[in-house]
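According to Swiss-Prot, the protein has these features:
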type     : residues                       : note
TOPO_DOM : 1-631                          : topological domain 'Cytoplasmic'
BINDING  : 12-19, 61-63, 115-118          : GTP 1 binding site
BINDING  : Asp212, Asp214, Asp216, Glu223 : Ca(2+) 1 binding site
DOMAIN   : 444-609                        : domain 'Miro 2'
TOPO_DOM : 653-659                        : topological domain 'Mitochondrial intermembrane'
Amino acid sequence: MTKTRIRIVVCGDSGVGKTSLIACLVKDQFISWLQDVLPPITIPKDFSSSRYSPENTVVVDTGNSDLATLHKELKNADVIWLVYSDHDSYERIALYWMMMFRSLGVNLPVVLCRNKCDDEVEFLSSANIMDSDDDQLDNKIEDEEFIPILREFKEVETCIKASAKFKFNVNQAFYLCQRTITNPVAPLFDARIGELKPLGVLALKRVFVLSDMDQDGFLNDDEITKLQKKCFSKAVDVNELQFLKDTLTSISSPNQEYEDYILNVPGKGITKDGFLVLNKIYAEKGRHETTWGILRAFHYTDTLTINEKILRPKIDIPQSSSVELSPLGYRFFVDTFLKYDKDNDGGLNNDELHLLFKTTPGLPHLWIETNFPFLTVVNNSACITLQGWLALWSMTTFIDYSVTTEYLIYLGFDKDAKNALQITKPRRKRRRNGVYYRAPVFDRKVLNCYMLGKGNSGKSSLLESFLGRSFSEAYSPTIRPKISVNSLELKGGKQYYLILQELGEQETPILENKGKLDECDVLCLCYDSSDPESFSYIVSLIDKFDYLKELPIVFVALKADLDKQQQRCHIQPDDFADQLFIDHPLHISSTWPSSLNELFIKLTEVALEPITSTAGLGPAVLTNDIDYRQTIVAISSVVGFASLFTFTALKIYSSFKNT
């Protein structure tokens with residue numbers, strides 16, 4: 001329920017006991033003399049034991065002498081508590097009151113209450129058969145006088161007998177009014193055909209799949225117990241559980257209503273059909289708050305959609321910070337992978353992926369747009385591996401963390417989705433000799449690299465090689481952006497995830513977008529060392545977008561296994577690198593595995609320590625850094641020596657003076 005405050009308007013003919021019901025509700029006693037109309041009364045949440053009750057409930061008494069005020073209150077109501085007490089006031093329910101609501105355009109749930117059932121209450125009390133438990137709702141009735149109204153007016157959700165004089169069902173009537181808002185039956189159950197509605201069925205099926213931890217198609221006793229604790233914060237009663245299973249077995253036996261269904265299998269548990277039938281029975285018997293208790297625990301709203309605030313929580317991300325998975329997030333995705341890898345072959349095949357994403361809208365659009373699963377590591381059967389699975393979620397979180405939080409909830413993450421994420425520190429810049437450069441990075445595990453270069457220079461082959469795939473001679477120009485993501489390990493055992501992006505026809509728009517460049521940790525400038533026209537593209541790119549020099553750069557001479565050509569450019573690659581004070585190009589070939597590994601490690605190290613490959617930071621700057629540190633050390637040494645000398649001199653002087 002999204003409402004924190006609901007408004008109950010009590011109406012009905014004069015003399016039916018509206019004011020007495022409200023007074024009895026608030027004072028817990030019958031008051032014989034009252035004013036005609038009570039002012040609005042606010043009842044706090046602690047009046048009810050339900051954890052889904054609203055923070056405040058306003059009960060509004062009405063009179064019939066001022067129709068304008070009555071109409072105004074009805075239009076501002078959330079639920080109508082319609083009271084009658086005898087045959088005449090009963091007749092006016094259909095002829096007057098329901099017609100008034102419709103003429104006003106008031107399409108609200110109505111709780112019909114027959115007050116002044118004093119004689120019946122006295123009889124039940126004298127016979128000792130009146131249920132004294134105020135929390136029981138079995139006193140809700142559907143005898144002959146209610147059936148025509150329930151059939152004719154879909155707005156009437158439930159009916160109840162009450163007596164303000166004997167404090168009978170007053171609290172229950174109030175609770176029923178609250179429940180029409182907190183736990184509405186209309187979204188769940190179609191009373192005309194006696195079936196759960198399609199959206200309700202979908203939601204309950206998802207709950208079943210998420211609760212079926214061993215994925216055997218049954219909810220066993222342990223799984224039901226865990227579901228009960230999650231939804232209602234209490235353990236299930238063993239006898240009650242057995243009664244539910246016996247009921248399902250009974251109604252699915254031959255010649256019974258569900259004889260064509262398997263609802264419960266002894267020794268295994270309740271089936272998905274059994275779970276749906278159970279919740280249908282709850283709705284039929286007016287116990288749909290139980291179903292809502294289950295759905296609320298899985299973050300469903302009144303429209304049977306998952307709460308957007310839960311799916312996409314608002315997170316304040318400082319400028320130049322990035323979002324990564326936390327250890328808790330990685331643990332969840334590891335567990336999810338292992339749970340659905342039924343054949344334990346280390347990969348998720350199509351059937352396993354179908355089961356895994358059954359509780360979601362399907363594969364994330366981001367994955368589909370980036371050629372899933374071939375943007376990351378797959379096995380020989382083209383099934384995504386655990387390594388690729390984690391790399392993919394690392395990339396997804398980096399590019400759009402809201403997709404990750406959304407799927408965390410869809411897949412059954414039972415904590416705040418923000419707990420599965422962590423935000424890196426804002427990237428800092430330093431300045432030396434008038435040149436800005438990025439400070440070293442210590443807390444990032446996911447790094448982003450843009451690969452730039454002339455067409456047919458070998459960038460796509462490099463992406464494939466990054467994922468351990470063999471070289472292909474076939475050439476296909478890159479139109480749409482391509483992306484690859486994989487993990488790699490540096491010296492010391494630290495693991496990182498590197499995202500390589502080939503921009504295709506989006507290259508110019510992305511390079512013109514400073515925000516997109518802020519997301520880039522390192523530029524990989526590629527040229528074909530066997531094509532004399534290739535390097536000039538890199539030079540013109542840097543001339544056009546001069547601010548690219550602010551990013552760490554790695555030059556790469558691809559196709560190094562072919563004959564090296566002199567570049568037809570006013571400056572050669574090594575000279576250009578010297579001019580920018582960065583390393584000479586790495587000579588790489590997709591057929592030389594060792595050179596590839598060297599490149600990917602180099603890209604990662606440069607992203608972590610940008611000063612080593614930022615244009616314009618020449619040896620003088622680095623020397624100044626060293627000289628500066630040496631100066632600090634020298635000054636510290638002098639100060640330390642002077643302090644020691646002074647201390648020693650004072651000790652000698654003090655000793656001499658005492659002598």
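Including glycine, each Cβ sits where the backbone N, Cα and C put it.
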Averaged pLDDT score, the topological domain 'Cytoplasmic' (1-631): 91
Of Gly12, Gly63 (the binding-site residues), the residue whose Cβ has the fewest other Cβ atoms within 10 Å: Gly63
For the Ca(2+) 1 site built from Asp212, Asp214, Asp216, Glu223, further residues of that chain with CB within 8 A of the site's CB center: Ser211, Met213, Gln215, Gly217, Phe218, Leu219, Asn220, Gly269
Same chain, 6+ residues apart, C-beta under 8 Å of the C-beta of Val16 (GTP 1 binding site), given in sequence order: Val83, Tyr84, Ser85, Asp86, Ser89, Asn115, Lys116
Candidate with the highest Cβ count within 10 Å, taken from the binding-site residues Lys18, Lys116: Lys18
Most Cβ neighbours inside 10 Å, all chains, among the binding-site residues Asp61, Asp118, Asp216, Glu223: Asp61
DSSP-derived structure type at Asp61 (GTP 1 binding site), helix or strand or else coil: strand
Same chain, 6+ residues apart, C-beta under 8 Å of the C-beta of Asp212 (Ca(2+) 1 binding site), given in sequence order: Phe218, Leu219, Glu223
List of residues, in chain order, with Cβ under 8 A from that of Asp214 (Ca(2+) 1 binding site) and at least 6 apart: Asn220, Glu223
Close in space, distant in sequence - Ser14 (GTP 1 binding site), Cβ under 8 Å, 6 or more apart: Gly63, Asn64
For Gly12 (GTP 1 binding site), the three-state class that DSSP assigns: strand
DSSP-derived structure type at Lys116 (GTP 1 binding site), helix or strand or else coil: coil
Inter-residue Cα distance where the pair is Asp216 (Ca(2+) 1 binding site) and Lys18 (GTP 1 binding site), in Å: 54
Rounded to the nearest Å - Cα separation of Asp216 (Ca(2+) 1 binding site) and Gly12 (GTP 1 binding site): 54
